[in-house]
Amino acid sequence: MTQEKDQKKVKAPEAPAKLAGCPIIIDNESFNKKMRIIADDKIPFLRGVMEPYADIAYLPGAAISADDVRDADVLFTRTRTHCDASLLAGSRVRLIVTATIGYDHIDTDYCRRAGIRWVNAPGCNATSVRQYIAAALVTIVRQRDLRLADTTLGIIGVGHVGRCVADAAQALGMRVLLNDPPREEREGSDAFTSLDELLRQSDIVTCHTPLTADGPYPTRHLASGDFFDRMRRGAAFINSSRGPVVDSAALREAVQSGRLAAFILDTWEGEPDIDRTLLRDALLATPHIAGYSADGKANGTAVCVRTCSQMFGIDALVDWFPPTLPAPPMPTDFALDATGRTDEEVFYEAVTHTYPIEADSARLKASPETFERQRGDYWIRREFPCFRLCLTGASRRAEEGLRRLGFCVNL
């Protein structure tokens, strides 16, 4: 499959959401100067795009300092740049765009007081996480010799990502329970399950919440000792949301006591200095890359470019999206003979062809000290719609499930 064909399958993000923060008055002196942008050097597909319109410097996200941003108008960030008073005070920054779903690295209260607008990229990598969780699920099912149709997945947090994960699990034939108290308050309880009931019934629990410390539903250490005690004994647990959603000590105890049969972590407390005991004991351990498909990264970068262009009147870039995305290392056209094979085997082979999650885990387990490098130099992962599958001998359920996941299936 050519890159051009791949590109047609990439859904460009919606227009950026309304900018948060306070109204900004652009004085004539600032307006007449060339805009200056500081960008995280790991934001892909960005080099060469803004240069005709701005002076742009690319710096390691964790190393961006107050001196670096003092004369900047715009910051393009990821989660490693903490945008608070210590970074921003005394600067001329007027806009922060993070190429990520999460924005807990931005001090939004400070930005409001300082008149700095900020934008995140909700949903930009939701389908990437969907692929990651699909790979995690088929791996758990394979390792524990389960049947997908007999397995219940509990999803905590049903925003952009949680909804995509629910769709993937249903495509695999799983029963799905949803827990999202803020949505339940707004929409009613019909579609949702209480946390107690979800933990009691679920064979696998996966978290997809934002990280919040305050408010009626804080999520910091949501998965604590009491949480794991309420889970079905022998269940599995997945976290790919934010590391501090999980109390690491409580997770270690749940594993050591035998209450949890397996767990998978993509996000960790204290990243990049991660818990070596949890790393050793995890069924799968990855370096915060669930959302790191090339497709998801392109969406996040597009939000940066489009938001900045809208605010600063760069008409040529208000609908920008990377013209092509790179091909993955594995064949995008492949065949699968399902004759005599279970649906579980078929789903495992198809899903892990597109994303060999166990290889990512093996790399981190072998070299945890390179956590940040593995994130920054992550390989080209493409999502299901990039792949054309020639399928023979499969059940109707497997065929329909693969199509729903996004594969282009030819019989």
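Heads up, the Cβ atoms here are built off N, Cα and C, so glycines get one too.
Any TrEMBL annotation is an automated prediction that lacks curation.
Listed features, source TrEMBL:
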DOMAIN    66-133  domain 'D-isomer specific 2-hydroxyacid dehydrogenase catalytic'
BINDING   Thr79, Thr100, Tyr292  substrate binding site
DOMAIN    146-290  domain 'D-isomer specific 2-hydroxyacid dehydrogenase NAD-binding'
BINDING   Asp180, Thr209, Asp266, Gly291  NAD(+) binding site
ACT_SITE  Arg242  active site
ACT_SITE  Glu271  active site
ACT_SITE  His288  active site, proton donor
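All protein chains included, Gly291 (NAD(+) binding site) registers 24 other Cβ atoms within 10 Å of its own Cβ. A straight line from the CA of Arg242 (active site) to the CA of Thr209 (NAD(+) binding site) spans 8 Å.
With respect to Gly291 (NAD(+) binding site), the closest of these recorded positions in Cα terms is Thr100, chosen from Thr79, Thr100, Glu271. Those residues of the chain, other than Thr79, Thr100, Tyr292, with a C-beta within 8 angstroms of the mean position of the substrate site C-beta atoms are Arg78, Ala99, Ile101, Gly102, Asn125, His288, Gly291, Gly300. Applying an 8 A CB threshold to same-chain residues 6+ apart, the list for Asp180 (NAD(+) binding site) reads Ile156, Gly157, Val158, Gly159, Gly162, Phe192. Between the CA atoms of Tyr292 (substrate binding site) and Thr209 (NAD(+) binding site) there is a gap of 18 Å. Of the listed binding-site residues Thr79, Thr209, the Cβ environment within 10 Å is emptiest of other Cβ atoms at Thr79. Helix first, then strand, then coil: DSSP counts for the domain 'D-isomer specific 2-hydroxyacid dehydrogenase NAD-binding' (146-290) stand at 53 helix, 29 strand, 63 coil. Between the two most distant C-alpha atoms of the annotated substrate binders (Thr79, Thr100, Tyr292) there are 13 Å. Within 10 Å of the Cα of Asp266 (NAD(+) binding site), the following recorded positions from the list Thr79, Thr100, His288 place their own Cα: His288. The subset of recorded positions (Thr79, Thr100, Thr209, Glu271) lying with their Cα within 10 Å of the Cα of the residue listed as 'active site, proton donor' consists of Glu271, given in sequence order.
Secondary structure at Thr100 (substrate binding site), as computed by DSSP, is coil. Between the CA atoms of Glu271 (active site) and Thr209 (NAD(+) binding site) there is a gap of 18 Å, rounded to the nearest whole number.
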